[in-house]
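Asker: The active site, nucleophile feature in TrEMBL is assigned to Asp186. The active site, proton donor annotation in TrEMBL covers Tyr320. For His373, the entry in TrEMBL reads active site, proton acceptor. The annotation domain 'Epoxide hydrolase N-terminal' is assigned in TrEMBL to 11-121.
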Amino acid sequence: MAEQQQPSNEKPFKITIPDEDLKLLKTKLESTRFPDELDDAKRDYGVPLADVQRLVAYWKDQFNWRDHETQLNEDLPQFTRDIEVEGFGTLNVHYVHRKSSVSTAIPLLFMHGWPGSFIEVRKVLPLLIADSPEHPSFHVVAPSLPGFGFSEAPKKKGFTLDQIAEVGHKLMLALGYDEYVTQGGDWGAFTGGRIAAKYGGKNNKAWHSNFPLATIPRLSNRPLVLLRSFFTSLTPWEKAGLERTKWFQNEGQGYVHLQTTQPQTLGYGVADSPAGVLAWIYEKLVNWSDDYKWTDDEILTWISIYWFSRAGPAASLRIYYEHMKSGGDFSGPKNVNIPIGYSYFPKEIVIFPRHWYKEPHLVFESQHERGGHFAATECPETLVGDLRKMFGKGGPAFGVVASRNGYV
């Protein structure tokens, strides 16, 4: 399939944070006022005071953003382009785009979530584009969701997953990828499901997620799955997954209630206080990963992208509010008629019994013994390995993109 000409509104992009923004950050870090902490609180009440004090001091005195900015620009070829969104006008969207040397590589749209960003593609990118007769190769597109990173944020209310799906879809078409596959976790998983429902078949040919979505079976919606649950013994992996889910529901999802109801109120804290946005996101990085050894530089690069983001860190919170106010939920995919692939990681924040995930078009499943919510960062080789199996020769989604099977 021949690629279309690049539209003239695409522009190469380099991250270049103004010096005055760096100076303001240092000033704010110097004036941080920390809360007190109870004796032996550990992580029971939230992020430990010692952790935030250490990170704030490092951010202020030792962390060199310019070095990390340069490395991000070297690792990730970035661009911006204007995309017209129905009912919302034009948004200037930031994205990473790297092609494989294999001309028949599979176009892959990689979608991040919250509290992630385009940085989540960083480790998987060189693996995905690698050429080999042993596995398929991919052309990779990884946008910053509107309101995240260096993408423009919508100015009007009601910008939901339908609009985010429209942005991703139109971006792929603008790049000449009339047929493509998707991959994502967190909101990237929800968006992938929405893209599959809206554009599946003609353009979107398959969807893979490392954040599998399931609808809880009840008599009113999935009576046969519910009946099967009474006669199905859970594996140790599934039992541990339900305990993980219980922990998240009881102790880990307070942020959901706030961000789906009053995101603007929280926005004042994260927009004005670097220590505030650090603590808000750092908590999730640690609690949602599988004992991943985050370095201070890695954490602060991740957080700095939020602090320096085009619209500010508050804009990223609104996706929760808009999703719920539009009648959305956090259940499984709906109206998806293309091949689906799921990768299951033991420290994901929500894990249900495997038979709850069964869908008519679920063609690939892979269960792992380590990994959490940030699979592309925690275990990139494992995630890419699953994509290679799903789309490779002998895989259930091999050849789904016409004339692009991914091989040399």
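Including glycine, each Cβ sits where the backbone N, Cα and C put it.
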Asker: Taking just the CA atoms, what is the gap between Asp186 (active site, nucleophile) and His373 (active site, proton acceptor) in Å?
Answerer: 8
Asker: Which chain-mates of the residue listed as 'active site, proton acceptor' that are at least 6 residues away have a CB under 8 A from its CB, listed by sequence?
Answerer: Gly185, Asp186, Phe211, Lys284, Trp288, Ser289, Phe345, Lys347, Glu348, Ile349
Asker: Within the domain 'Epoxide hydrolase N-terminal' (11-121), count helix residues (DSSP H, G, I), strand residues (E, B) and coil residues, in that order.
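Answerer: Counting residues by DSSP class gives 40 helix, 27 strand, 44 coil.
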Asker: Identify, in sequence order, the residues in the chain of the residue listed as 'active site, proton donor' that are 6 or more apart from it along the sequence and have a CB within less than 8 Å of its CB; answer 'none' if there are none.
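Answerer: Spatial neighbours, sequence-distant, of the residue listed as 'active site, proton donor': Trp114, Val256, Gln259, Thr260, Pro263.
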Asker: CB neighbours of Asp186 (active site, nucleophile) within 10 A?
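Answerer: Around the Cβ of Asp186 (active site, nucleophile), 23 other Cβ atoms lie within 10 Å.
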